[in-house]
Amino acid sequence: MAGMMVVFDFDRTVIDDDSDRWVVVEMGLAPLFNQLRSTLPWNSLMERMMKELHSKGKTVEDIAECLKRVPLHPRVIAAIKSAHSLGCNLKVLSDANQFFIETILKHYGVYGCFSEVITNPTLVDGEGRLRIFPYHDSASSPHSCNLCPPNLCKGLEIERIRACSSDNGEKRFIYLGDGSGDICPSLKLGEGDNVMPRKNFPLWDRIRSNPMLFKAEIHEWSDAEELEKILIQLIHETSTERQQQGS
Ligand SMILES: [Mg+2]
Ligand SMILES: [Zn+2]
């Protein structure tokens, strides 16, 4: 089968919106969020927002109900299901958090298509409050990448996935993303890999300004229809090449 590794950013890639922004706006946290924005790193700010919701009597179920209203485009759902059924190994690599991503993917019935969701971990504490923790602990194990926020270097994770996957024959990567946090992992891709930057978003801008830095083949997309079409085409092309090479 296809035997490819397909890694998706989540916000503005899998979903067209941003899950953090969605919860902040829909649950009435925008004024506090904006007030604190300059004082806290993003990850800590979201943790603070969850504390605020808890103090207002909002439960984890309320947050889940809010997340289930996030639209997930039918063409993206179809793309995920097709890539999975074609034998690709699918992962999410995101600076959102486990609870938000899991809730949305499960709601649309595609969580099982992913072998892993790599993101900031969450738990519900004894008082019923949703806690969000950094993926990398910047105090005990800082990642030393100056392209990425302290809580998550996606490039390091691409290297880790690659180290594990070379045993399984999943050597070809397709990476889909939009944001500045997707620059570092895109730089880690090599020849034979593909990067799918969302057109007119920060990753795309960065690639356009210095394409020679990126070794992977570049395939831009704008919307869910294009994402599906290009992704499935790339999977077919790559698996045909692999068959011809007998690998
Ligand atoms: Mg994104
Ligand atoms: Zn990095």
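Every residue, even glycine, has its Cβ placed from backbone N, Cα and C.
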Out of Asp137, Asp178, Asp193, which is the one TrEMBL records at the Mg(2+) site of Asp9, Asp11?
Asp178
From the centroid of the CB atoms of Asp9, Asp11, Asp178, the recorded Mg(2+) site, which same-chain residues not already listed sit within 8 A by their CB, in sequence order?
Phe10, Arg12, Thr13, Val14, Asp18, Ser94, Gly177, Gly179, Gly181, Asp182, Arg198, Phe201
May I ask for the distance between Asp20 (substrate binding site) and Asp11 (Mg(2+) binding site), taken between their Cα atoms and rounded to an integer number of Å?
9
So for Asp9 (active site, nucleophile), how many other CB atoms are inside 10 Å of its CB?
25
